[in-house]
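**Q** Before anything else, here's the structure in question.
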Amino acid sequence: MEGCTKDGAAVQSSGASTAGSIFWWLKDRSLGRGICVDPARDNFRTMTSLYSSIHPADSVNLSTRTHGAVFNLEYSPDGSVLTLACEQTEVLLFDPLSSKHIKTLSEAHEDCVNNIRFLDNRMFATCSDDTTIALWDLRKLNSKACTLHGHTSWVKNIEYDKNTRLLVTSGFDGNVIIWDTNRCTEDGCPHKKFFHTRFLMRMRLTPDCSKMLISTSSGYLLILHELDLTKSLEVGSYPILRARRTASTSDMTSTSSETRPSSSPCHNSDSGPLFEKHMSRSSQREGTSPRNSLEVLTPEVPGERDRGNCITSLQLHPKGWATLLRCSSNTDDQEWTCVYEFQEGTPVRQVSPRCSLRLTHYIEEANVGRGYIKELCFSPDGRMIASPHGYGIRLLGFDSQCKELVDCLPKEAGTLQEIRSLYSHKDVVLTTKFSPTHCQIASGCLSGRVSLYQPKF
């Protein structure tokens, strides 16, 4: 009988283990994990473990001292080229593995170059304070492929929808403009104004291009759900979900435009319950958002609940799970890095939709280099964050083990864990970027130096 008891216990234990394994397998499958679904996941997990041994490896050999501050860094999708957007009209190209200089586009623009975006392994776009966007071909860098005119103020960032081959740009004129790169000529591309809002700072598309996020200097975050870039959004033509604070169920604005705070970025002259007014009946019955429905949020920022803040930097998790914000107080005496998880699902009441974002992690940043925007980024697998921190960068994780976000979501917002700090600059770091293919990080600073970081053993 004793042996039977032991055997029975062993069988029961084995059965529980098998059941547990099945549940873990189902969970991983629902999250898109597995060798067949995400073959690069294990490689990225191994790569992430190497970042604890990362050190400053080299500084790129700059052939010119006329480029000024480095505002943006961008790797080509295959990791073979590192591009620099510089203060003094220049774009610099390097081989990130050898640190060798490839080319300097000395007159890429007529003013500061703000952002670079690769469309594929050979084509990339740049934007500038000269109000233009330029397209370039790596095989022919002696001249621009074409120049795009349409903005009336500084152009600050570029996004690209690979499915439709539409280029999306935003600027301080408050406009988001769509460019059809399928019909580009030397004279430019057909374009249209897609959206307009006041106080626009940054615009991003989620990896699947189902949402557009727009940050503002007034502390609002705008989210366009069920995104359709083929339709221009005129004032009053899109459904508006009431503005609200991310961690609260209370509305931040009235349902009437006459009582909306003056700093609200939304433009709408109609009164009445906006969500009910513009949402289609079919969408109300099904509990789904209509195409291009606009949600206006006031993200919760630690320590800034009673003070306004400016959302200066905006990034998206590579798997679309979360958004990453860099916020500064209106008095410019505090800076925070915050992570907000996307909350999907049908709201309990359509007339009072659930907030799409929830604050999960945060950390206070060094308050140096006031007035300059610091561009932070996710690692390729989304396990880590590289954030400018004074004269260096910090590598941050959701926990000390660098687990994926979905595996360590707290019930209440917690602090990001510092994995490593790297200081190799002599001036304030403004931008940082992970290589998409190699265990390497690049950072650029206000005085124009670019540092590369790699593991050393």
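Cβ coordinates are placed from backbone N, Cα and C, and glycine is handled just like the others.
So Swiss-Prot lists these for the protein:
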REPEAT    65-104  repeat 'WD 1'
REPEAT    108-146  repeat 'WD 2'
REPEAT    150-189  repeat 'WD 3'
REPEAT    195-234  repeat 'WD 4'
COMPBIAS  246-265  compositional bias 'Low complexity'
REGION    246-304  region 'Disordered'
COMPBIAS  281-292  compositional bias 'Polar residues'
REPEAT    306-346  repeat 'WD 5'
REPEAT    368-406  repeat 'WD 6'
REPEAT    424-457  repeat 'WD 7'
**Q** With the repeat 'WD 6' (368-406) as the reference, which stretch in 65-104, 108-146, 150-189, 424-457 has the largest tally of C-beta pairs below 8 Å?
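**A** Answer is 424-457, with the largest number of Cβ pairs below 8 Å.
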**Q** Over the span of the repeat 'WD 7' (424-457), how high is the average pLDDT in this prediction?
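**A** Mean model confidence (pLDDT) across the repeat 'WD 7' (424-457) is 92.
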**Q** What else in the chain is close to the repeat 'WD 3' (150-189), if you only count residues 6 or more beyond its ends and a Cβ gap under 8 Å?
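**A** Same-chain residues near the repeat 'WD 3' (150-189) but 6 or more away: 111-112, 114-117, 119, 125-129, 131-133, 135, 195-205, 209, 212, 214, 229-230, 232.
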**Q** If you run through the repeat 'WD 1' (65-104) with DSSP, how many residues end up as helix, strand and coil?
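**A** Result for the repeat 'WD 1' (65-104), in helix, strand, coil order: 0 helix, 21 strand, 19 coil.
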